[in-house]
Amino acid sequence: MKNIILIGFMGTGKTVISKSLAKEFNAAYVSTDSLIEKQEGMAIKDIFSLKGESYFRQIEKCVIKEVCAKSGQIIDTGGGAIIDPENFGVLKENGIIICLWATPEVILKRTQGSKNRPLLNVENPLSRIIDILEKRREHYEKADFHIDTTSGDITDIVARILKLLDSIFPRRMNDEKGVKLWSSLLTRLLRSSDAPVMIINLSGKVLFANDSAKNIFCGGIDHCLRRYWWNLIDSEDKGATIENNFKKIILLKMPFKMDLISRCNNKEEIVHWFFTPINKRNKIFMLAVRRSNEDKTKKIIDTFSDVNGEILDILFSSSHNSEPDTARHSLRVMALAVALAKKIKMSDEKIETLKMSALFHDIGKLVVAQDILFKDGELNEVEKVEMKQHPAWSADMIRPVSFLASILPVVASHHENYDGTGYPNGMKGQDIPDGARIISIVDMYDALTTDRPYRKARDKKSAIEIMKEARGIKLDPELTDIFLEMLISNEIE
């Protein structure tokens, strides 16, 4: 399990909430401030007064690096820790960051009487809180998720966080469901890929190969299973050389690329092998994809670069082969979502996450029975129950692909309603990830303006009127108003 890291201003409840989460996940609780106090042999306020804030921040940086070297922890950081870009990078790389918020007045009420708050030892602490919060806002907003702790008791707040985290760390997935979804990832996605795809273990042995791989392996698919992948490739590069390079890189357990000169049908060409880690039952494997220069000109999506971009294209093009209508819908949703995100000046990093979320938000429909998915008429109650599982199934299908971890909460919660009546977890308001609230809006618009098996597409004017009625109920009211204004002004079509 990746670390769960809580950041935020003092008085937002980081310590008590972190301890409660540690109990829920049966994980170690770590407080960076407590470690610093133990190391220095004095309270935080004394470190500030005797050695200065710059000294404290340097010690804090070392402690964060040391703590993040381990995984499976609930980490409570100091309020100013994330301001340092290096600290943020380390935390981001090694965990899921949740920022806790509260109003300045509530923060003051919670911190009054505490003698270990050196930054608030001033004549007007409320003004100081407002000032510091404003300076730190841009740093806090970089967190993966945000929870307002202004109201509600600890039990309620922890329950809200657990709903959010359930898509990343499912604590209740049974083996039967896990096997079904893992099987769907392999058979419905990877087997239908036009590109040769393999799953290999960390020693390099092939555990799975799709149908397209038979064209490059002597003896066919069955012949390659349980063999080292480098021994199957007809390449000018010697097998031992490939093996040595592979084993050096594999230790990093990160995405990587290998370019090889290959012979196929008596013709030499440069082929690119892309590798990315995937996880199953806490074991790490590698997803390997072969692409030639010719293949790379046939990409369906070309908005992502590097190794992960190639893997994304393979996964999405495979879903397109399996269910083209859903894939085309996802491309339209991505375009609309990005337009809205840019309008509200969402950060480039969050837009990249939003793009991936939009592409895969409905991939769980590959698991839904075809007679339900394409039923010519309204679904009955039993059919609705199955259909409502597709957001969670979408997250669970792509969960093994390590670099997609950041999109899981968005994918899983794109059918949550703003008023708390949605599914699968009944999340409400700002607790729903902003990416999911955006996708919910543009998903509804695309659904309304596209032909369905049981009805014809509505025109833009009718769709706008329906969405106005849904603002504040199904849809985030502020984001909906912005999106509808973009439609009315023809800023988007």
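Each residue, glycine too, has its Cβ placed from N, Cα and C.
No curator has checked TrEMBL annotations; they are predicted automatically.
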Next item on the list: With Asp33, Arg57, Arg136 listed by TrEMBL as binding substrate, identify the candidate in Gly11, Gly79, Gly89, Gly113 belonging to that site.
Entry: Gly79
Notebook entry, point to check: In Å, rounded, how far does the Cα of Thr12 (ATP binding site) sit from the Cα of Gly79 (substrate binding site)?
Noted result: 9
Next item on the list: Could you tally the C-beta atoms, other than its own, that fall within 10 angstroms of the C-beta of Gly13 (ATP binding site)?
Entry: 25
Next item on the list: Indicate the candidate from Gly11, Thr12, Lys14, Val16, Arg117 with the smallest number of other Cβ atoms within 10 Å of its Cβ, considering only these binding-site residues.
Entry: Val16
Item checked: Three-state secondary structure, which DSSP defines for Asp33 (substrate binding site) -> helix
Check: Near Thr15 (ATP binding site), how many other Cβ atoms are within 10 Å of its Cβ?
Finding: 15
Notebook entry, point to check: Taking all residues of the domain 'HD-GYP' (304-493) together, what is their mean pLDDT?
Noted result: 91
Item checked: Arg57 (substrate binding site) CB neighbourhood, other CB atoms within 10 A -> 15
